[in-house]
Amino acid sequence: MTFQPTKTWLVFDDNALINKPTEAVNFPIDEQIETCIKKMIAYVDASYDGKAQEYDIIPGIGIAANQIGYWKQLFYIHLNDLNKEKKCLLINPKIIDQSENKAFLESGEGCLSVKKQHKGYVIRSEWITIKGYDWFEKKEITIKATGLFGMCLQHEFDHLQGRFFYQRINPLNPWFKKPEWKVINPTLKTSNG
């Protein structure tokens, strides 16, 4: 069964459930998780393919399962970073290493599950190493990522912990930055997941 993406799938940050950590996915994958996977892919790929307006959806480059009502540990990302297509659907991801140095997207971050705009620098690790079961490769993989892809992986991983990007903005000085922090300036037409 294929799904036509709709914004009615989205769960917003005013829903208490999305602010709680998600549960691990059990293997073998059941029908409910397969449905979740198909919906996540349909939603983000519609954005990637430039069809967000056609489907009347909020465009995004990534989405976590709890953003569409599945309280499980998986997310999907599909974006271009430095003119390279990046695509992964990670199940039960774990961050196994990260830099001490920080980074932020110069333009800030957005989120499919956040209606209110939150201005400021979202401070994250400059690079991360994450592992998880990749749906497309059908095996556990390890990814070391920087740049937009690295920021997006951290953004989606935060969702699985019940955390939102705006919780990483300095509440006293939203534009605070240190000179050694890396500024990431992607050319991007859509928001984060």
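The backbone N, Cα and C atoms fix where each Cβ goes, and this holds for glycine too.
Quantities reported herein were computed from a predicted structural model and do not represent experimental measurements.
Here Swiss-Prot flags GLU156 as active site, drawing on sequence analysis. For CYS111, HIS155, HIS159, the entry in Swiss-Prot reads Fe cation binding site, with the evidence type sequence analysis.
Around the Cβ of HIS155 (Fe cation binding site), 26 further Cβ atoms fall within 10 Å across all displayed protein chains. Counted within 10 Å of its Cβ, the other Cβ atoms near CYS111 (Fe cation binding site) come to 26, all protein chains included. Distance between Cα atoms for GLU156 (active site) and CYS111 (Fe cation binding site): 10 Å, as a whole number. Other C-beta atoms found within 10 angstroms of the C-beta of GLU156 (active site) number 25, with every protein chain shown included. For HIS159 (Fe cation binding site), the Cβ neighbour count at a 10 Å cut-off comes to 26, with all displayed protein chains included.
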